[in-house]
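A.B. asks: So Swiss-Prot lists the following for this protein:
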type: BINDING; residues: 8, 9, 10, 11, 66, 123, 127, 131, 190, 191, 192; note: substrate binding site
type: BINDING; residues: 61-66, 76-77, 82-83, 105, 140-141, 184, 194; note: FMN binding site
């Protein structure tokens, strides 16, 4: 087995100073996200979503960012999945973007809310047919006897709905409204740059540097 203690790299690609960042964290995120897209990183909108259930047990998984503006970060999923149940019990959640090739991370913390039905409807309608049928066929996070059961359900819903399945009531969007963001840039000697934004009582953002 590979010696885990020997797996390391030196970070040399960039730096991040307080004078470099935008005054608004969403503008700063858009700047970095656009650079990740320009660099042709695979799935730059992939993010880890961390939630905590009613029992206090945390869990995390990769989801895809599907919208982002001054209101927050939007993603879509099954409301009855583990993450959906977690967020119903505890709306506090966190996101993590890791753009390895750029030696960058972005952490986002905040509260999650469901988006309006028309927003969920519009995104659902834009998905490929297979994905729309999959939202019906999968009772997400529940045990299933085998893959053949999923494929049978998908076939049944395809026969039922044809080319125009409606959005299931149990599927839709969430928006994480941020209260804190951190931008991390790898640096040599593990003295990484960490610039954090924290929302103030008046809605403005305070920018601070954190020790690595």
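Positions of Cβ are set from backbone N, Cα and C atoms, glycine also.
A description of the local structural setting of each listed feature is requested, covering burial, neighbours and distances.
C.D. replies: The local packing around residue 66 (substrate binding site), expressed as other Cβ atoms within 10 Å of its Cβ over all shown chains, amounts to 15.
Cβ-based neighbour count (10 Å, all protein chains) for residue 141 (FMN binding site) stands at 14.
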A.B. asks: Could you tell me the maximum Cα-Cα distance in Å between the residues recorded as binding substrate, namely 8, 9, 10, 11, 66, 123, 127, 131, 190, 191, 192, rounded to a whole number?
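C.D. replies: Farthest-apart Cα atoms in 8, 9, 10, 11, 66, 123, 127, 131, 190, 191, 192 are separated by 43 Å.
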A.B. asks: Roughly how many Å lie between the Cα atoms of residue 190 (substrate binding site) and residue 105 (FMN binding site), rounded to a whole value?
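C.D. replies: Spelling it out, the Cα of residue 190 (substrate binding site) and the Cα of residue 105 (FMN binding site) are 14 Å apart.
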A.B. asks: Cβ distance under 8 Å to residue 192 (substrate binding site), same chain, sequence separation 6 or more: which residues?
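C.D. replies: The answer is 11, 184, 185, 186, 212.
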